[in-house]
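Worksheet: one structure, shown below.
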Amino acid sequence: MKHIAIVGGGTAGWMAAVLFAHIWRDFSVTLVEAPDIPTVGVGEGSTPALKKYFDFLGIAESEWMAATGATYKTGIRFAGWSGRADYPDYFHAFDSALDLHTEPAFLYNCDMRRLGIAVQAHPDDYFINARLAAENRVPVPDRQFPFATGYGYHFDAGRLAGYLSQQAAARGVLHSRARVTGVPVDASGIARLQLDSGETLVADLYVDCTGFSAHLLQGALAEPFVSYEDQLLNDRAVVIGLAPESPAPVYTRAEAADCGWIWKIPLAHRTGYGYVYSSRFCSPAQAEQSLRRHLGVTDAVPARHLTMRVGRRARHWVKNCLALGLSQGFIEPLEATALNLVQTTIEQFADSWELSDFTDTQRQAFNQRVNDHFDGVRDYIVAHYLASARRDTPYWQAATAVPASDPLAPLLQAWHQAGDLRLLLKQPQYDRFYAPMSWYSLLSGYGCFLPGDQLRPGSDKANRFPVQTIRQFLSACATHYPGVGSDSTIHQ
Ligand SMILES: Cc1cc2nc3c(=O)[nH]c(=O)nc-3n(C[C@H](O)[C@H](O)[C@H](O)COP(=O)(O)OP(=O)(O)OC[C@H]3O[C@@H](n4cnc5c(N)ncnc54)[C@H](O)[C@@H]3O)c2cc1C
């Protein structure tokens, strides 16, 4: 029987423990967690991948959502990012089967507007999830409506880790509360783990879920860190929790601020706020005061400060050690992709390992895929800054002047020069997580078009997708989705 030792009991560690125990039922899995090293405990937004995770495990939404105070998430509203008065905000919707009927019109109209033709091309008008967010409807339609809607969740990270630890125990995962104090290495990688309890743990695979410290992959195996700090300036966050809203909105809000941006994440039992900022432009005390002013709360409400290390490991799977979660890397949580990266890393690792155990070829291919995923998310986040016209603070002057990566530069250039962006996005280097719909939503939502007074009326062909038709269609579709709190907010 093979043995997997996971070090770390944050969300990454417990997600991995449950999934490994579920996939490889004949393996033994042990999770070691230092009781005196806290987890990060924030990270309350997901992508639709989290639904697939629980569906794969056969765990009903009604069960885990209730246990973690989770709410539905149809996407993210970005406010104050563009710096263009006509474009104060836009919605980045998770995709849905209905988009097949509206996305072609959206892409076409964006392309027309990029050519200088006065058609309506704001993403809020084209996607069912944007409509559901505006009307605050649950993204699960009634049974008569046969279209799957993509959605994610907001959840309490601490409760999620606790819930997953129970699931892990039910699947036979052993739990050891001890600190790993020694990690001797040999030719195969990690030789064993020495615990402060005096015990020694030997495994076939060691999974590093120790958070930013990367105790195994960096501490023992000295795997280098590839920093993104030249492109992504934010390295701190301060968070405050307030009373829940009723009914809770079905989307995350990300609002640009003087030295970064502020999230708002509605849970069933709390509304979480966080100011993500750059310590080069703002001290922790200033950031905390800014957040308090924004929320209108006094010093009596507690705030928590966090430091973020932004970048990734050069490799994530080295010899017999796999890093997952913050130990493998982190990108500022603007699109809430961290748990998605954990999940896809586990799934790709499981595929690789099943194909050929511990061969170098599998490791190389795997590491390349994970790095592409990380770099692809980074580029999409960087584009949120490069596309902005804000220059109103030293932070925004710096954040909008960062270098674009080799794939990102031509992409932005193609958009601005009315090039064939859709063709470009079909090239393999762009198959790295974000689909054309996301790129188009971002750049049209920012209003990266000619100013309105320079646009010209188009021919009938250019106007063949009138936005009123799409609005009517989505409005009719939305009636199939219940309002939040109208009957039940959790459907399965
Ligand atoms: C400000 C901020 C906002 C975020 N927002 C989001 C979001 O919206 N969506 C999202 O998906 N993600 C988000 N994340 C990321 C998310 O919080 C993490 O990806 C997730 O919590 C996983 O963390 P982790 O388990 O890797 O590490 P941690 O939570 O840091 O857990 C580390 C674990 O390792 C253990 N440990 C450490 N050293 C040892 C040792 N020597 N021996 C034994 N155990 C040890 C600790 O006890 C702990 O249990 C955010 C992160 C930050 C910082």
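In case you wondered, yes, glycine gets a Cβ from its N, Cα and C as well.
What TrEMBL lists as active site is Lys73. The FAD binding site feature in TrEMBL is assigned to Gly9, Gly10, Thr11, Ala12, Val180, Leu326. Marked as 7-chloro-L-tryptophan binding site by TrEMBL: Lys73. The L-tryptophan binding site annotation in TrEMBL covers Glu335.
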Ask   = For Leu326 (FAD binding site), which residues in the same chain are close in space, meaning a Cβ under 8 Å from its Cβ, but six or more apart along the sequence?
value = Gly10, Ala12, Val40, Gly211, Phe212, Ala214, Arg309, Ala338
Recorded positions close to ligand 1 - of Gly9, Gly10, Lys73, Leu326, only those whose C-beta is under 6 Å away = Gly9, Gly10, Leu326
Query = What is the Cβ neighbour count of Glu335 (L-tryptophan binding site) at a 10 Å cut-off, with all protein chains included?
reply = 24
Request  = Express the distance between the Cα positions of Val180 (FAD binding site) and the residue listed as 'L-tryptophan binding site' as a whole number of Å.
outcome  = 33
Task = Using Cβ-Cβ distances, find the residues under 8 Å from Thr11 (FAD binding site) that belong to the same chain and are at least 6 apart in sequence, listing them in sequence order.
result = Thr39, Gly43, Ala157, Leu160, Ala161, Leu164, Gly325, Leu339, Val342
Remark   = Span of Gly9, Gly10, Thr11, Ala12, Val180, Leu326 as binders of FAD, largest Cα separation rounded to whole Å, comes out at 18
Query = Here are the binding-site residues: Ala12, Val180. Which has the lowest count of other Cβ atoms within 10 Å?
reply = Val180
Inquiry  = Can you tell me the CA-to-CA distance separating Lys73 (active site) and Gly9 (FAD binding site), as a whole number of Å?
reply    = 25
Task = Show which residues of the chain containing Gly9 (FAD binding site), separated from it by at least 6 in sequence, have their CB under 8 Å from its CB.
result = Leu31, Glu33, Thr39, Ala161, Ser165, His175, Cys209
Note = Lys73 (active site), Cβ-centred 10 Å count of other Cβ atoms over all protein chains shown, is 28
